[in-house]
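The structure's right below; bear with me while I get my questions together.
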Amino acid sequence: MAIVSSTTSIIPMSNQVNNNEKGIEDNDHRGGQESHVQNEDEADDHDHDMVMPGFRFHPTEEELIEFYLRRKVEGKRFNVELITFLDLYRYDPWELPAMAAIGEKEWYFYVPRDRKYRNGDRPNRVTTSGYWKATGADRMIRSETSRPIGLKKTLVFYSGKAPKGTRTSWIMNEYRLPHHETEKYQKAEISLCRVYKRPGVEDHPSVPRSLSTRHHNHNSSTSSRLALRQQQHHSSSSNHSDNNLNNNNNINNLEKLSTEYSGDGSTTTTTTNSNSDVTIALANQNIYRPMPYDTSNNTLIVSTRNHQDDDETAIVDDLQRLVNYQISDGGNINHQYFQIAQQFHHTQQQNANANALQLVAAATTATTLMPQTQAALAMNMIPAGTIPNNALWDMWNPIVPDGNRDHYTNIPFK
């Protein structure tokens, strides 16, 4: 009985142990499923990765030409597309990093060869903001066995328009197959380009393609500023033309001044410009005054000539002040003012010389009038009061003109 009871008691215990083990397995299975689902959720962030984390793309030049470029030209497929097919000459170099499939400091692209001219071999390397310029000749790339496998061309990006662009720090290496191999595959010519930036120089920040419209906005703002400058230049040109018109009017007035001047009398000139009215009245100048000839005739001639020179100098000084005023007021007076002033001064000198010759001729003529001179001396020797005034004027009538008689009424004869 005891044995049986012990046996029966052992059976339920063994069943309990089995059930416990089964429950532990179920919990482990359930926990495994939950952890697997959790791991799948965490792995969703990398489902679209083209390469594994930590992978770096640093191919050699031989690998770029023999594997990537040749397979692309031959039309073969790649398990992983690491190089983007892009016409990079349609974009500026600082826009390219956002379009590359991979790369941190250098970026790779398959580029179709676009010719600048339809019937020529020269490629078109002009972008939106500048152009790529080749430096040096092409270099042959050889394999480990020294077999030529391709060509390499180095280009530098210049911002602006050729040939006055500004050199930047963006550099590109263009790899292509030999020309005879391209014809062999009867494919469009394709090159493989590696773009990178020289370190230590900051030309333009690398921006995504969505922000590339800033360049167009900058061009529009630049165009508007250029149009504004042209408008201001046009207005300043019109103002300058108005000033030139005023200057021409002033020159005409000065010419009138020089033509209206006469030797006998006065000249009154009124010159008007855009700022103020300047009126200069030149006093009446008696260029020639006939004087009675006496023993001091030479002294009278010299004094008259000196007085005449002083008057002419005053006229020239007034004209020079007028010209100087016009120069200071106009700002850009033509040098013809000075030419007119010089002509006027030259004319005055000629008139002065002519008047001096007339005075000398008059003096020479007066020396021949000895009878009249003797009569004048004899009359001066007559005592005062013996000859009436009327008779005295009758004696002087041949010498003194009628027009200047009033000028000599105040001369005492005692």
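Yeah, the Cβs are placed from backbone N, Cα and C, and that goes for glycine too.
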Give the range, chosen from 93-148, 149-204, that Swiss-Prot lists as DNA-binding region.
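Going through 93-148, 149-204 one by one, Swiss-Prot gives DNA-binding region for 149-204.
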For the domain 'NAC' (51-198), DSSP counts of helix, strand and coil?
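Per DSSP, the residues of the domain 'NAC' (51-198) fall into 30 helix, 52 strand, 66 coil.
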Mean pLDDT for the domain 'NAC' (51-198), as a whole number?
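Computed over the domain 'NAC' (51-198), the mean pLDDT is 87 on the 0 to 100 scale.
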